[in-house]
Amino acid sequence: MTQITLTTPDDWHLHFRDGDMLGETVPATARLFQRAIVMPNLVPPVTTAAMALAYRDRILAARPQGSNFEPLMTLFLTNNTSAQDIIDAKAAGVVAGKLYPAGATTNSDAAVKALDELFPIFEVMAQQGMLLLVHGEVTESHIDIFDREKMFIDRYLSRIVEAIPSLKVVFEHITTKEAAEFVAEASANVAATITPQHLLLNRNDLLVGGVRPHNFCLPVLKRNIHQHALQAAVATGSSKFFLGTDSAPHEKHRKESACGCAGCYSAWSALELYAQVFDNLGALDKLEGFASLHGADFYGLPRNSGTVTLVKQEWTVPEEIILPNGNPIVPFFAGQKVNWKVKTA
């Protein structure tokens, strides 16, 4: 197959950041994706309906002229989140609440420190029809970073799902065999997103032959057995797994430093890289469900009506992109060849 046409896809997990950065990130995603679930981990975090609406306005202002791209907003859950916060957010069009264990990722220090205290909030979310999006890692310093996802499933996620079966839960950016199995075996109200980097790479790509800071993300890349389990999950075509890039931009100097930031900025190549993965797996027929259908269905939103066409044509991801403030950012897969390319009119 040398060409494939898909229903216009959506990105069910990304980071736009804020300020000048929106001038880069919003057009990069809007070029292909109709909708995107926007993460709320700004400084300060998006904890109220009013903050979500204001952030949405800033994103809309950064859309390219003529674009009808739609940002889908989320609420940053903390131990101070109230039932009224959830009700107000739902009324304002916020589609989901995001659970970050405190310290799990960029700008998450204000997040949840006592998870059990949030169960009443999860109940309200279920009643309101608001989804729970989960960064599924424990954060205690004595727990090995490669074990934190499995530990979160055992300690928390299994209990949340069991206690509130009507709550729709997205286990975001899963990275392990255990996570893929948990989602596959859970009820129809549990799904997961998978990033391009966790399908394409494993921890050798981070650590062998030198540290590769632009492959560093959280949750961290795992052993190849976990990479293969994720590939197997998407190759089944199961509606429980769908596209979420976790595209997460950081300026070059913040990645290439003594204490580099976590995140892969994949917006310029994500769909093409997913196509490469599915092609390599002999599962191109499953790409449309993963990229364009399963997420919308799980969120209870209409499927998109447009289409995007990819052709089998080699191109090279740019080494750098210059941000509106003049600083460079290194995109994911920089300088590497990709086998699929979006067909432009």
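Including glycine, each Cβ sits where the backbone N, Cα and C put it.
The annotation in Swiss-Prot ties H15, F16, R17, N41, H135, L218, H250 to substrate, and of the candidates under consideration, A54, A232, A233, A262, the one tied to the same site is A262.
In Swiss-Prot, the Zn(2+) 2 site is described by K98, H135, and among H142, H173 the residue recorded at this site is H173. Site annotation for Zn(2+) 1 in Swiss-Prot covers H13, H15, K98, and the matching candidate from D205, D246, D279 is D246.
Among the binding-site residues H13, R17, H135, H173, H250, the residue whose Cβ has the fewest other Cβ atoms within 10 Å is R17.
For the Zn(2+) 2 site, the Cβ centre of K98, H135, H173 serves as reference, and the other residues of the chain with Cβ at most 8 Å from it are H13, M39, L99, Y100, A104, T105, L133, V134, G136, E172, D246. Rounded to a whole number, the distance between the Cα atoms of H13 (Zn(2+) 1 binding site) and L218 (substrate binding site) is 13 Å. Summary of the Zn(2+) 1 site environment: with the site residues H13, H15, K98, D246 set aside, the chain residues having Cβ atoms within 8 Å of the Cβ mean position are L14, I37, V38, M39, N41, L133, E172, H173, G244, A248. Closest in space to H250 (substrate binding site), of the binding-site residues given as H13, H15, H173, is H15, taking the CA atom of each residue.
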